[in-house]
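Listed in TrEMBL for this protein:
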type: TRANSMEM; residues: 93-118; note: transmembrane segment
type: TRANSMEM; residues: 124-144; note: transmembrane segment
type: TRANSMEM; residues: 173-195; note: transmembrane segment
type: TRANSMEM; residues: 256-273; note: transmembrane segment
type: TRANSMEM; residues: 285-302; note: transmembrane segment
type: TRANSMEM; residues: 338-358; note: transmembrane segment
type: TRANSMEM; residues: 370-389; note: transmembrane segment
type: TRANSMEM; residues: 409-427; note: transmembrane segment
type: TRANSMEM; residues: 471-496; note: transmembrane segment
type: DOMAIN; residues: 520-663; note: domain 'STAS'
Amino acid sequence: MEERRRMTYNVNRKVLDEGDLDEMGEKTHTKTSLCDKIKGSMSCSGPRVKSCLLGAFPVASWLPRYSFREDALGDLVSGISVGIMQLPQGMAYALLASVPPVFGLYSSFYPVLIYFIFGTSKHISVGTYAVMSVMIGGVVDRLAPDSNFEIWDNVTNSSIIDSVARDQERVRIAAAVTFLSGLFQILLGLVQFGFVVTYLSEPLVRAYTTGAAIHVIVSQLKYAFGINPKRYSGPISLIYTVVEICYLLPQTNVGTLVVSIVAIVGLILAKELNAYLGKKLPVPLPIELVAVIIATVISWQVNLESRYGVEVVGDIPSGLQPPVAPTLSLFGQVIGDAFALSVVGYGIAISLGRIFALKYGYKVDSNQELIALGLSNSIGGVFQCFAISCSMSRTLVQESTGGKTQVAGALSAVVILFITLWIGSLFEELPKAVLAAIIFVNLQGMMKQFMDIPALWRSNKVDMMIWVVSFILTVLLNPDLGLAAAIAFSMLTVIFRTQLPRYSLLGQVADTDIYKPVEDYGQVRQVPGVLIFRSSATLYFANAEMYQEALGEKAKNKDYPNGQEEPNSEHQKDIATIDVDNDPDTSLPRAIILDLSPVNFLDTVGVKTIKSIRRDYGEIDIEVVLACCQSGVVENLLAGGFFNDKVTKSCLFDTIHDAVLYCLSGRPVLTTDTCRGNYFPMAVAYF
């Protein structure tokens, strides 16, 4: 390809202020009224009804076009692989949620089918997730602690736990908070509130999941050591739990500890082998399923429970549970936890969904994803499931084994249904220590997120601070309160950054109409007699006073040469030559230009600040004009009473260069300024 030739264009026009531009461009001032907007949104037509139906039921848009030839085999292999993973993970994460393991299988079935119908991501694997499960477990243990179900055993003359009644109550609580979190997600989706996830920055999410992983690890230590510590709730409960576990370590069940160590070592070695053979195997080995099968067989043959006191899963009923209405009386006690669950679950799912959508070139509808997850949780809550989200490990398996559509997820649900109906009872002898080991090993990825800290230190120290503080808050305040506190801290950093912006004086790049900060460029010079001032942040009540003070500091004690500049002989024909009278006071500029290009809105305080700046400097004969105002800022100025008989749009300019030439127009002007660029360089002459 020929190298693109540099060309020069001369554009001759007069200096234009905002009023001239409005007139030249025939700016329209009509706005659509609220009634018209509502009327337009309520209008009904055939294509619009069809579009709404397809948007509400995405499966109807892609399933009729499903390609069996191209996608069926990959989806089948992927669905079976993910379904096999769902079995041990579902049972293990049920322990995190403090409900019987079989309810983890239910949570891997109903919500997955519902997401198949309403979801828009082709690759994510929804179902049980460690962070969501531990959040559910915190609510369940807070409202239904073991101490509430102690009964007196006349045989042993001691109190024992009525595990049946306890588990029933805990399932009711988990289902209620899940149902309510689903309702929150549906409502947020209906009001187009999908952008709420933007408040969950990547450092915050990664720190939060790492902190939640610490809670997960601590909650599973009792199964690894075979001890029974008290369950604490509220802030700093993690510290109390760790202290309690350390106190109970002498009571460790040796058989349980041996099972845990063997399972953890075996899983780590098997996963390393799986990773090593990953490129040679068409499908990853189902390491967790193999571990569950081997552990169950050994436990059954050796009789680990009765001989060594190793706690096992216990009764796993066959079949599915009938739907049960959620307990409305619990809603008031779990409303805060439900909202936290809805935000965290959606944030994790949409983040992964967007990653794979970008990779494979399709779009994920953020609001529809909210509705899909909300229906999955609310309907799942009716069938006694606990809250679900998207698992990174299962999603990677679903994608790497050839899954191309949501059909893979539906097939994984069929695998879980088969296990639940016919073979679930075979795993009753599975030691809980093995499920805890599966959780520990699966958290390796989250623990590696600690490496974010040095990386963020090198790239952005504010993001590193957000990571560290979010992690500490999550660990100390528990996942529910920790999330709210982390978001609040993240928002505070934004406020602080807008309160402490960078203030710059701009100068002209030689022979161009480009203006850059004079402290950043060696060949940038201030325009004689003109101060061009820019703030890196928007102007509003929190930084208005600092804006004025910074402008005052920049304006005083500076030397503003107001004489004629000596033109460069090489470009004498191309640059502007400006003859001006010498000003006896060179410590003050002739004019001030406020570059408002970074400002995207002005509140009433911001408008009053600019009015005050114009008035104060006008009293000492320094004219203040505005440049690069966005249309919304102009509307804010108009609504704030900035314009009057004396102040018109003639003080507003679309470019800094127009403002500069206007400020100097009282002197004999000018010829041509040259702007050279990479693609369409042009010489601009202003007359």
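Easy rule for this one: first residue shown is 1, then count along the chain.
Cβ atoms here come from the backbone N, Cα and C positions, even for glycine.
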Using Cβ atoms only, state whether the transmembrane segment (93-118) and the transmembrane segment (409-427) have three or more pairs under 8 Å that are 6 or more apart in sequence.
yes
Taking 124-144, 338-358, 409-427 as candidates, which has the most Cβ pairs under 8 Å with the transmembrane segment (370-389)?
124-144
Cβ pairs under 8 Å only, please: of the recorded stretches 124-144, 173-195, 409-427, which one is richest in them relative to the transmembrane segment (285-302)?
409-427
For the transmembrane segment (173-195), sequence-distant contacts whose Cβ falls under 8 Å of one of its Cβ atoms, 6 or more beyond its ends
97-99, 103, 136, 139-140, 143-144, 324, 326-327, 330-331, 334-335, 337-339, 341-342, 345-346, 350, 365-371, 373-382, 384-387
Do any residues, 6 or more residues outside the transmembrane segment (124-144), come within under 8 Å Cβ-to-Cβ of it, and if so which ones?
82, 86, 89-90, 93-94, 96-99, 104, 107-108, 111-112, 115, 166, 169-170, 173-174, 177-178, 208-209, 212-213, 215-216, 219, 231, 233-234, 330, 333-334, 337, 340-341, 344-345, 348-349, 352-353, 356, 373, 376, 386-391, 394-395, 397-398, 408-409, 412, 439, 442-443, 446, 478-480
Are there residues at least 6 beyond the ends of the transmembrane segment (409-427) whose Cβ is under 8 Å from a Cβ of it, and what are they?
75-76, 78-80, 82-84, 86-87, 90-91, 101-102, 105-106, 108-109, 112-113, 115-116, 119, 125-127, 292, 296, 313, 316-320, 398, 403
